[in-house]
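According to Swiss-Prot, the features are:
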- 11-28: transmembrane segment (TRANSMEM)
- 29-503: topological domain 'Lumenal' (TOPO_DOM)
- 44-71: region 'Disordered' (REGION)
- Asn262: N-linked glycosylation site (CARBOHYD)
- Asn295: N-linked glycosylation site (CARBOHYD)
- Asn299: N-linked glycosylation site (CARBOHYD)
Amino acid sequence: MRRPKISLKKYFYLTLICALLLIFGFSLKEREIWKTLSPRSSQITTQQQQHQHLHQLQSMDEEHPMATSSTPPPIAATLLPEVADNLVEEPEQTVLEEEESEADRLQEPPAEKAWFFKNGEYYPKPAKTYSNRKARKRHAPRLLPHQDPYSDRIINQLMYVPHNYEEIKSSGKLKTILLYNGLGPWNVKKGRDVFLKAKCPVDTCELTANRDLASTADMILYKDHYIPTGIRRPSNSKQVSMLYYLECPYHTQNVKVPDAINWTATYRRDSTIVAPYEKWQYYDTKVQQQEQDINYSVNKTKKVAWFVSNCGARNGRLQYAHELQKYIEVDIYGACGNFKCSRSTADKCFEILDNDYKFYLAFENSNCKDYITEKFFVNALNRRVLPIVMGARPEDYEVSAPRRSYIHVDEFSSPKELAEYLRILDHDDELYNSYFKWKGTGEFINTYYWCRVCATLHNEEQLRKPRWYTDLNDWWRGPGVCTTRSWRNFKARKDVISDSSDD
């Protein structure tokens, strides 16, 4: 029997298929052998890759340094040496070290507290310099409102030190701040005393009340009342004119002079130097609530208290309280109510508040943007009572107060609806106590006003590009800044500060 003939073409295809099968089989065998080897070889390769990556990061840092305290992070308690330095100084980690248990990580020492906290010891370092224009802009310290409009920038200012600060100190040159209304209204001494006693990170400033220095001072600072100097200032002048207001627009001066003021210092968050009545700062912004060992409602038999002496406030707070009284017990102490508690025995009054009452009316005398005073921070949050607030907008309390630490009247359509919710809280200890979980997660810090003024005055980059309030009066008391009614339907005012630069 004759064998069938196979063409050369078929031989080629058969050979190709056999070769592919052999290659596939060899690949499978090699993979099995690789798996049986010690993991040490792969670990060494991983370490080599990590070392190469670390070397690349170090090279990048040398070419483009990372930002330091010139742009501090929002968490004050974690303001530690910059990431770039950590990358250089930390020893190489093995794969086993990277797989360290979570329990071991939790045993690491806590981050060092920044200097403005109680017992805080960490002070900022001078900012780094950048030769590249884009890098300078990207890492510029966010000290002014246009650089960070969604923050009060207080922490940024507290942690700012100019890059050439050592040269400034060695030169002996000081920034002169002229208090045009005199030293008395500020209760300070001339010279550097206020900066040195506060241990400011930047203390190369001096105070004076000598108006003869009006043409040469680095800053002219007005308190509550603007007075024209009569000196014509060159257009390229780096001198700063700053106006300080403590009270709300209803009780402050009208300033109708255009382009007379380029910095402001008020309780408003869009001021150049924000000067709040109090400043709450978390130790760690990731930890804003924690369980409490205290039942804040225990043995409290009374509902709502209010200490008040001004019965004619223009926001209608007294009328609101009287309406609230129709639906829940409200004890009004002082000239506007039937209960008495003298200011001379304030401590005793607050003991009554702590021991007997569950709620406190922290009502401001005016409904103005960002206007939150000691009525809330001191009289309420420092006590063991839940504050009900009226004054600033709901969003202002959200960014200024500890999370879930109060109730805003504008969360409810009427005093009756508010009273219904207060009754729910009165009968639910767990829900009531949930409003106190913020306690222990941070503290009210000293904002060191003079330290921040001095530090910001050393930001030469921004002094070369001055900004002016074209209409300070409109910025301070324009539409949407204050209201005599509820905030629920208000319209935000336009931004009126001029911007001549192209940042």
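Glycine is treated like the rest: Cβ placed from N, Cα and C.
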(message) What's the number of neighbouring CB atoms sitting within 10 A of the CB on Asn262 (N-linked glycosylation site)?
(response) 19
(message) Whole-number answer please: how many Å between the C-alpha atoms of Asn262 (N-linked glycosylation site) and Asn295 (N-linked glycosylation site)?
(response) 50
(request) Using Cβ-Cβ distances, find the residues under 8 Å from Asn295 (N-linked glycosylation site) that belong to the same chain and are at least 6 apart in sequence, listing them in sequence order. (result) Asp429, Asn433
(request) Grab the pLDDT values for the topological domain 'Lumenal' (29-503) and give me their mean, rounded. (result) 83
(request) Enumerate same-chain residues with a sequence separation of six or more from Asn299 (N-linked glycosylation site) and a Cβ-Cβ distance below 8 A; give 'none' if the list is empty. (result) Asn355
